[in-house]
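Here's what TrEMBL has on this protein:
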DOMAIN    42-293  domain 'G-protein coupled receptors family 1 profile'
TRANSMEM  27-50  transmembrane segment
TRANSMEM  62-88  transmembrane segment
TRANSMEM  100-121  transmembrane segment
TRANSMEM  142-164  transmembrane segment
TRANSMEM  197-222  transmembrane segment
TRANSMEM  243-264  transmembrane segment
TRANSMEM  276-295  transmembrane segment
Amino acid sequence: WEFNGSFQQPSAFLMLGMPGLETLHPWISIPFCALYLTALLGNCIILFIIKRTQSLHEPMYYFLSMLAVTDLGLALCTLPTTLGLFWFNQRSIGFDACLTQMYFIHILSFIESSVLLAMAFDRFIAISRPLRHPSILTKATVTKIGLAIVLRGMVSLLPIPFLLKRLTYCGKMELSHSFCFHPDIMNLACADIKVNVFYGMIILLSTVGMDFIFIVLSYILIIKTVISLATKEECLKALNTCVSHICAVLVFFIPMIGLSMIHRFGKNVPPLVNTLVAYTYLIIPPALNPVIYSIKSSHIREALLRALRRKSG
């Protein structure tokens with residue numbers, strides 16, 4: 001689908017699924033359906049369990065609720081276009097609809113990064129100041145942190161759609177994925193995109209980049225605190241409370257860093273690799289996070305088993 005000449009805005013973009021594997025899209029949709037179902041059901045169950053279990057009404061699980069809501073949002077943002085493409089070959093998405101989807105995908109990604117940082121801070125306080133933990137992270141403080149996280153994401157990304165609207169687009173209007181992503185849209189412009197590149201990089205480094213640095217610093221301080229504990233059993237017990245969070249951090253940040261590197265420096269990377277990393281970044285964390293916390297958190301697991309026994313009884 002190619003346009004001759006140039007214009008301010010295209011009427012629509014064309015989305016790609018798996019480059020070179022278009023004939024297999026119905027089969028490829030099966031694992032995607034499984035991942036989306038796991039993400040939707042898993043995160044809803046986490047929210048239900050935390051809401052219904054009074055003993056889980058503490059900072060660690062409030063932040064886990066924020067993570068679950070964010071993961072639900074990410075899954076719901078990409079589900080319609082991804083499954084629409086795989087099932088019905090619906091490749092077209094309107095320009096404004098694409099910018100809206102892109103805005104919410106990036107906001108939710110930034111929120112997830114910030115929630116993971118808040119969870120790291122919670123673990124640090126719980127291990128280094130266990131007696132003061134409830135007084136430092138009160139319900140009001142957690143609420144303020146949650147509002148600050150949402151506002152930071154919304155405000156920092158607000159200029160992005162307007163920066164894309166001002167560009168002139170021409171040539172082939174094909175997106176690399178089955179969803180809209182800022183670098184992907186930006187690279188379709190035939191105008192000067194230096195402002196978009198500079199602003200995107202500054203925002204990414206000052207938000208997600210800083211979040212990652214502070215998460216690493218939090219764990220350095222946690223390790224120093226744990227080493228000072230008297231017995232090996234106490235060390236292991238303290239570290240065990242961080243395992244789920246460490247897994248969630250790795251599952252989120254590794255694909256995100258990989259995708260950012262590919263978009264900025266991977267001009268010769270095969271399109272299929274770019275697509276797979278993007279799907280890993282946006283679909284795997286929402287599906288895996290509830291599984292990780294259900295397996296590793298004994299409190300979540302016990303509450304879930306109690307709920308299942310009540311239903312079966």
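Quick reminder: no glycine exception, Cβ is built from N, Cα and C everywhere.
Quantities reported herein were computed from a predicted structural model and do not represent experimental measurements.
Taking every listed stretch (27-50, 62-88, 100-121, 243-264, 276-295) in turn, the largest tally of C-beta pairs under 8 A with the transmembrane segment (197-222) is reached by 100-121.
Model confidence over the domain 'G-protein coupled receptors family 1 profile' (42-293) stands at 89, taken as the mean pLDDT rounded to a whole number.
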